[in-house]
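The L-threonine binding site annotation in TrEMBL covers T40, H72, R127, A147, S187. The ATP binding site annotation in TrEMBL covers R63, N67, T123, S149, S157, R201, Y240. Marked as domain 'YrdC-like' by TrEMBL: 18-205.
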Amino acid sequence: MKTKVWTVDVKRDLSTNCPQIAQAARLLQQNETVAFPTETVYGLGANAKHSEAVAKIYEAKGRPSDNPLIVHIAEIEQLAEFAEVDSPQAEMLMKRFWPGPLTLVLPCKPGVLSTRVTAGLDTVAVRMPDHPVALELIRQAGVPVAAPSANLSGKPSPTKAEHVVNDLNGRIAGVVDGGPTGVGVESTVVSCTGEIPVILRPGGVTKEQLEEAAGPVLIDQGLTDEKKAPMSPGMKYTHYAPEAPLAIVNGGVEDIQRLIDQYQKDGMKVGVLTTEERADVYQADAVRICGRRDRLETVAAGLYDVLRSFDEERLDFIFAESFPEEGVGRAIMNRLLKAAGHRVIEA
Ligand code: TXA
Ligand code: MG
């Protein structure tokens with residue numbers, strides 16, 4: 001299959017009828033897969049009502065079939081067709097954060113969506129992305145769009161169209177290139193099926209913001225306690241890992257430099273993930289800068305691009321600084337820990 005790439009200049013092209021998006025929407029209607037930008041990461045979309053279309057997503061990504069997909073909508077009116085909203089918190093959260101990087105897990109109405117979307121669960125994950133290209137594409141497709149992140153399973157999520165092409169060229173019908181995404185980490189997934197909402201995956205909307213809008217929110221214990229299984233099927237899989245093994249270091253610059261020196265002495269090629277504030281202090285084979293530590297949202301925005309860029313260097317080992325687990329730092333550390341296979345060095 002030849003993968004078509006459409007480039008959309010968000011400022012210029014969307015003010016007129018945009019033939020690129022019309023073509024992409026037509027392919028979705030023909031039950032093909034199309035990747036598109038959202039405010040978090042690029043998604044790989046297909047018609048959520050059509051089983052063969054949804055099957056193509058799993059095949060292209062090499063995704064395990066027990067890992068359900070997020071359904072993307074452009075208008076709130078689309079929701080009632082396939083999901084039940086009987087939680088007051090869910091209503092408050094939607095009002096406050098949609099469109100935006102928040103996914104809600106709600107009871108699913110049977111018989112509308114392909115059962116492949118929900119992996120047979122009786123709940124469905126839904127979100128309304130805050131990106132003009134995504135919204136216009138979903139509107140024109142005229143169906144709810146199932147879309148996981150548009151990466152090969154196990155790789156970091158794509159924050160640029162070129163990441164999608166690197167992973168999925170020849171495996172999907174097309175990619176709409178709308179430039180780099182803004183948030184950089186995926187949406188926060190919140191289950192609204194019980195009395196109190198539960199965060200199943202930390203992401204672009206922080207716990208603090210959720211609580212301000214809808215009262216107390218819990219965090220799935222399975223995310224931090226390795227003995228407990230996470231409540232969200234996708235959170236058990238290894239993910240985001242660069243080719244070289246990665247370890248997070250809880251320690252200062254000197255501790256990390258000492259580790260780099262040690263490993264290099266053993267003949268290894270060593271990389272380090274740091275931020276602008278400390279860019280000049282490390283001596284290593286690859287020093288990669290990921291945003292500014294004093295603005296964690298810039299670290300989130302650059303994280304996956306930096307993780308992918310280490311693969312160009314054929315490294316033997318990578319050390320990453322750790323980040324405070326507050327605000328979007330929770331999502332950053334959740335993804336880094338997964339990328340590191342939970343390898344943490346206490347220096
Ligand atoms: O920002 C995002 O959320 C991006 C963009 C493309 O929208 N999408 C994304 O999708 O990250 P994906 O498939 O990579 O992650 C979806 C997560 C998985 O961990 C999956 O297990 C979980 O949501 N999920 C989906 N449906 C669920 C359900 N019914 N119950 C619990 N977890 C669910
Ligand atoms: Mg993903």
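Every residue gets a Cβ built from N, Cα and C, even glycine.
Rounded to a whole number, the distance between the Cα atoms of S187 (L-threonine binding site) and S157 (ATP binding site) is 12 Å. Every protein chain shown contributes to the tally, and the Cβ of R201 (ATP binding site) ends up with 23 other Cβ atoms within 10 Å. Residues T38, G43, I70, P101, T103, P129, A134, E186 surround the recorded L-threonine site, their Cβ atoms falling within 8 Å of the Cβ centroid of T40, H72, R127, A147, S187, which are themselves excluded.
A distance of 18 Å separates the Cα atom of A147 (L-threonine binding site) from that of Y240 (ATP binding site). With respect to ligand 1, the binding-site residues T40, R63, N67 contribute T40, N67 as residues with a C-beta closer than 6 angstroms to one of its atoms, given in sequence order. When the alpha carbons of S187 (L-threonine binding site) and R201 (ATP binding site) are compared, the span between them is 8 angstrom.
Checked against ligand 2, the binding-site residues R63, S149, S157, R201 give S149, S157 as the ones with a Cβ under 6 Å from it, listed in sequence order. Taking Cβ-Cβ distances under 8 Å and a sequence gap of 6 or more within the same chain, the neighbours of H72 (L-threonine binding site) are T38, G43, G45, V126, R127, M128, P129, A134, I138, P144, V145, A146, A147.
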